[in-house]
Structure formats: C-alpha cells, structure tokens
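What follows is a single structure, written as structure tokens, with notes after it.
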Amino acid sequence: MAGRTSAAGGTAAESRETRTAARSAAGRQSRAARPEQVVVADPPPEPDYPRYRVEPGAGVRLADVDPDESEHFGRKKDAADELAHHRDRIADLQARLYAENRRSLLLVLQAMDTGGKDGTIKHVFRGVNPQGCQVSSFKAPSAEESAHDFLWRYHQRVPSRGMIGIFNRSHYEDVLVVRVKGLVPEEVWRPRYDVINQFEQALSLSGVTVLKFYLHISRDEQKRRLESRLADPDKRWKFSANDLRERRYWDDYMAAFEEALGNTSTDVAPWYVVPANNKWYRNLVIARTIADTLEAMDPRYPAPEEGLDAVTVDD
Ligand code: ATP
Ligand code: MG
C-alpha cells in the first residue's frame with residue numbers, strides 16, 4: 001500500500017520508521033552514557049565515577065570538586081591491579097567494537113597545561129590494538145583550518161565505524177582559549193555551546209558514543225609540575241614559556257570551563273570532572289568509565305559465515 005508522501009519526499013511510513021530508529025539510537029546512546037545503570041550489578045561502583053559526571057542542566061563549581069580526591073585508594077599500589085583489569089577490559093571490548101564495525105567511541109580530553117592529557121592516553125590505552133585507535137591533538141588552528149567553520153577540523157577526525165577516537169584538546173578550545181584570550185568576540189563564541197550540542201547529538205544519532213573528561217588539577221599542582229619539568233633535564237623539553245603565560249589566566253579559564261561544562265553536558269555526551277592531582281587515581285577513574293561505557297555499548301563479534309564446521313583448509 002502506498003503511504004502518504006511526507007514533506008521530505010518519503011512516505012509517512014518511512015518517516016515514522018526513521019523517527020523510531022532515531023529514537024531507539026538515541027535511547028541506546030543515552031544508556032551507554034550511564035553505564036553504571038547497565039553493567040554494574042551492585043552500585044556504587046569503585047571508583048565512584050557517576051559522582052563525577054556533570055548532570056545535564058546542573059551548574060558546575062570546580063572549586064567544589066577536590067582535585068586531591070582518591071576515595072579509599074591511598075596510593076598508586078592500591079589501584080594498580082584494578083587499573084590493569086580495566087585496561088584488559090578496554091582491550092577486549094575494543095577488539096569487539098572493531099570487529100563489529102558498526103559504531104564508534106569518541107573520547108574528549110580537556111585540561112589546563114600539565115593537566116595530564118598525554119599521560120592519560122599513554123597509561124589508559126596501553127595494550128589496546130593501535131590499529132583501532134586514532135589520537136588527534138589539536139593546537140592553534142592553521143590558516144586553512146581558520147578559513148573554515150570552527151567544527152571543520154574536528155569533524156574530519158571523528159572516529160569512523162569500529163574505531164576509538166581520542167581528542168587531545170578538542171572543539172571545546174573554541175569556547176575556552178578563544179574566550180579567555182579574546183580571540184573572537186562573545187557574539188561568536190557564545191552561540192557555539194548550542195552548535196556543539198547539536199554536533200554531538202548528530203554524532204550520537206550516527207552511532208558515535210561521546211565521552212568527555214575534564215582533568216581537574218589545582219593551581220598548586222600545576223606549579224609543582226611546571227617546576228619538576230624545569231628541574232629534570234629529561235623533562236625540560238616539555239617546558240613551554242607559553243604555559244607560564246596561560247597560567248596567569250587561571251581564574252578566567254576556570255570560569256570558562258565551568259560554563260562550558262555546564263552548558264554542554266548532555267544525556268548523549270556527558271562531561272566527567274576527574275580529580276587529577278593523583279595521576280594514578282585519574283587513570284583509574286577514566287579507565288573504568290571507558291570500560292563500563294564500552295561494555296554498556298555491548299559490541300559483538302559478527303556472526304561467522306555459515307557452514308564453517310564443514311570447511312577444511314587445503315594442504
Ligand atoms: P603538550 O602536552 O605537548 O603541552 P598541548 O596540547 O598543551 O600539549 P601546546 O602546543 O603546548 O600543546 O599548546 C597548544 C595550544 O594550542 C594551547 O595553548 C591551546 O589553547 C591552543 N589551541 C588549541 N586549539 C585552539 C583553537 N581552536 N584556537 C586557538 N588556540 C588553540
Ligand atoms: Mg602545552
């Protein structure tokens with residue numbers, strides 16, 4: 001039976017189907033964004049990552065989050081076995097995601113300088129097949145990048161089906177550094193919160209699960225890390241005078257982060273504020289959040305061809 005033609009040119013039945021499919025895709029994605037409700041038998045999980053999630057619409061006060069927090073984990077050794085366990089889970093689930101080849105995971109890492117984005121990538125992704133991961137680091141935009149809309153360079157690096165993509169800095173720079181340093185006027189950066197939410201919603205509808213981590217260090221901890229870069233000849237290469245200049249804008253950055261996180265933590269793309277003065281606790285929180293999210297996504301190996309039991313391989 002021919003259906004009524006909708007405004008978009010399809011039949012009414014088709015557009016109903018499209019809407020239903022979109023709703024169930026969104027439902028799947030928001031379940032994956034609250035993984036503890038799906039995969040943890042007896043909450044609260046340890047570490048208690050749901051506590052660090054920014055609830056949609058809730059304001060963020062970074063001063064209320066203790067960057068030294070490590071729950072009952074007293075020192076690095078206490079968390080080592082658990083970190084190794086979550087790394088194994090990520091490796092196994094990543095292999096499934098890759099083989100399934102239908103969906104992808106995008107991780108966004110943001111922090112002040114020395115906040116630990118590089119260290120997180122190095123320690124959380126140890127043991128994951130590099131073929132299924134793509135790390136994209138975003139610096140100040142090139143002339144070509146600046147000549148496009150601000151999302152252009154990020155969209156190109158969104159992970160394709162089966163892949164995990166890691167953004168080391170991200171589209172959030174375009175509401176952070178550009179605001180703090182006055183690189184564009186407020187009429188330009190302020191509407192970007194909505195643009196970013198729409199972008200992430202669109203990604204989610206096409207099978208990309210988005211998870212965002214703000215690595216929360218204190219101003220004192222940044223001082224210690226910068227000093228240790230100066231003191232250690234093997235770390236000096238990491239020291240940049242620009243970090244000292246940015247540090248002077250600490251309070252402005254905190255205000256910019258609070259507003260950005262509060263405006264863009266959504267059901268399909270939540271922010272987590274991760275206490276990050278203790279590197280090992282930071283790694284543990286992030287590893288578990290990623291492993292549980294992947295488990296909630298439930299990627300599966302594709303069904304093998306039929307009749308394989310009868311197959312023999314010629315000599
Ligand atoms: P590292 O850990 O190596 O220091 P990094 O990400 O801090 O890594 P840098 O080269 O030190 O790399 O700094 C990159 C700089 O680029 C940051 O100061 C950041 O704010 C800036 N940047 C990133 N994206 C944008 C953007 N869209 N507009 C303007 N500046 C940007
Ligand atoms: Mg830097």
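Just so it is clear, glycine is given a Cβ too, placed from its N, Cα and C backbone atoms.
A TrEMBL annotation is a machine prediction, not a hand-curated record.
Check TrEMBL against the ranges 1-57, 58-114 and you find region 'Disordered' recorded for 1-57. Across the domain 'Polyphosphate kinase-2-related' (76-299), the model assigns an average pLDDT of 97.
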